[in-house]
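For 70-89, 96-119, 148-171, 191-210, 216-236, 342-365, 377-397, 418-440, 460-479, 500-523, 543-562, the entry in TrEMBL reads transmembrane segment.
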Amino acid sequence: MPSLQKKLLDEESLAESVPQAHSRKPGWKAMPYILGNDTIERLATFGMQANFVVYLMKVYNMDQVLSANILNAWLAVSNITPLIGAFIADAYLGKFLTITLASFASLVGMAIVMLTAWVPKFHPAPCSIQQQQFGECTGQTNFQMGVLMFGLFWLSIGTGGIRPCSVPFAVDQFDLTTAEGRHGSSSFYTLYYTTQTLIMLINQTLLVYIQDSVSWTLGFALPTVFILISIILLFAGTKVYAYVKPEGSNFSSMFEVLVAAQHKRHFHVPAAEDTEGAFYDPPLHDDSETKLPLTNEFRCLNKAAIVEENELNNDGSSKDPWRLCSVQQIEELKCLLKIMPIFITSIIVNIPIGQQAIFGVSQALKMDRNLGHNFEIHAGSVNVIMMLSIGVFLPIYDQIIAPALEKITKQEGGLTTLQRIGLGHAFGVLSMVVSGLVEIKRRELAISKGASDGVAPMSVMWLAPQFMLLACCHVFGTVGHTEFFNKEFPDGMKSIGNSLLCLNVSAASNLSSFIVNIVHSYTRKLGQPDWLDGDINKGRLEYFYFFIAALGVLNMCYFIFCSRRYHYKITRLL
């Protein structure tokens, strides 16, 4: 083995002799361009989604079921394409080029949707109230539906490239090897979700008003202009950005590890601390990446890096990547395997958010929505309570609570990312419990003292606590997951990690629908009005809330089990 050890030692000496000149990261200097691009792009796409069902019903003369199905199908595709976009960005194009191409795709898609409202040939003839009553409205032609679907297709492509890359591209601008860089990236997550909340408020108020009361053409033309502005902002910062080059497909690299480990399955694996000269651990090509040291987790995979005689070329590289893999490749696969249990728990913690958006409105419809003598809250606007709370809580946590906790815990940021996520789980459960308690009181008043229309003499503001708790679930859970995935995924897979957030939303939505259907069909067979009866005064919505709370408790216990065994990614700077 002397020649083998000499090769490995030469590689290590070469790595130590190379100057460690990490490129200077721009940090907050790049944020006005990246955050501005992402914020304005979301203002455009979310602005269209907020009222799209109404558009399909009023302009395309669709019924409610078909309109909802089209919207759900579009959103489902838009939550899957980020996985594809993330893979392409990390493996081939890089984040900046992917965002650029996706932004132009969104511009094309939004322009086409605008044309469907502007050009008479692209939508059915208007339908009068009398025609609606007799079912005589003109239907959509195949050509008109084709144009609409073509526009939504391009919007889904745009979403697939922008969503998974914008946050990782922003994090790339911070030097995470310094305390200042880590604090900057943590503050970015807070700012990112604060702006997203403001966007949702604008979309559900101003843009919806323009679309409903002024013009659908203008309501879609504004988002088109917004996307154009976002592209200009993105290009304005090209000389400021730090760029991370794509390193090829990480998935093929992971398969190589599995094959190599299987091939050497009978080898003895020494402990990670006793590995000098035993494992293939060459220096990385990109000096801006962080090198992952060998760990004892999933030790069977370490066999893939055990060096045998004649497995190295003269330059120290591996002759066959399917027989000998680097320590870096092995540790990247371990990162992915460790994160998956945490990702599974993140699906269920999002269920309360989706349920409140539906059943919170149902509660509001049967409550006193008057504020004063002249103002009445629209039932669908109760979700604004949660958005306003997020917009208030996020800066308070980042600027006041986190620094105070940091002094107590001596932990950078006050809490670890998993501790923040755990608090998100707890607030999600509490929101469901409070929702159930409020519903018990509301239903009792509606039955005993309610008006003929079933409205309880109870102010709609009693719903505020459950929405504020849900806002805390967002502040700790959603932001915590975003930070966790971006920190714990390998450098070459951060876009894929961020795309899990979109997959998370899609999975939570589908699971929510499944739970609702099961509860609806099962409780109906018990001889009583089912829990989710159309008339919530007859149903038992509080039982459903408590059921979701119980599911959340079980999920939180599983999360605690996983998080206590989780070891954060260890890095060492090249």
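Quick reminder: no glycine exception, Cβ is built from N, Cα and C everywhere.
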- Given the transmembrane segment (216-236), its same-chain partners at Cβ distance under 8 Å and 6+ residues beyond its ends are 32-34, 36-41, 43-45, 47-48, 51, 55, 58-59, 99-100, 103-104, 106-107, 110-111, 113-114, 117-118, 207, 210
- Contact count check, CB pairs under 8 angstroms to the transmembrane segment (377-397), set 148-171, 418-440, 460-479, 500-523, 543-562; argmax is 460-479
- Query: When each of 70-89, 148-171, 191-210, 342-365, 500-523 is checked against the transmembrane segment (460-479) for Cβ pairs under 8 Å, which one has the most?
  - Reply: 342-365
- Message: Below 8 angstroms Cβ to Cβ, which residues of this chain, lying six or more residues outside the transmembrane segment (148-171), approach it?
- Response: 30-31, 34-35, 37-38, 41, 45, 48, 60, 74, 77-78, 80-86, 88-89, 95-96, 98-99, 101-113, 115-116, 122, 185, 188-189, 192, 241, 482, 486, 494-499, 501-502
- Which stretch, 191-210, 500-523, 543-562, tops the Cβ pairs under 8 Å count with the transmembrane segment (70-89)? 500-523
- Sequence-remote partners of the transmembrane segment (191-210) [C-beta within less than 8 Å, at least six residues beyond its ends]: 31, 35, 38-39, 42-43, 46-47, 49-51, 167, 170, 218-219, 222-223, 381, 383-384, 387-388, 390-391, 394-395, 474-475, 478-479, 482
- Message: If we skip the immediate neighbours and take only residues 6+ beyond the ends of the transmembrane segment (543-562), which ones have a Cβ under 8 Å from one of its Cβ atoms?
- Response: 341-342, 345, 348-349, 351-352, 355, 359, 421-422, 425-426, 428-429, 432-433, 435-436, 439, 515, 519, 523, 531-532
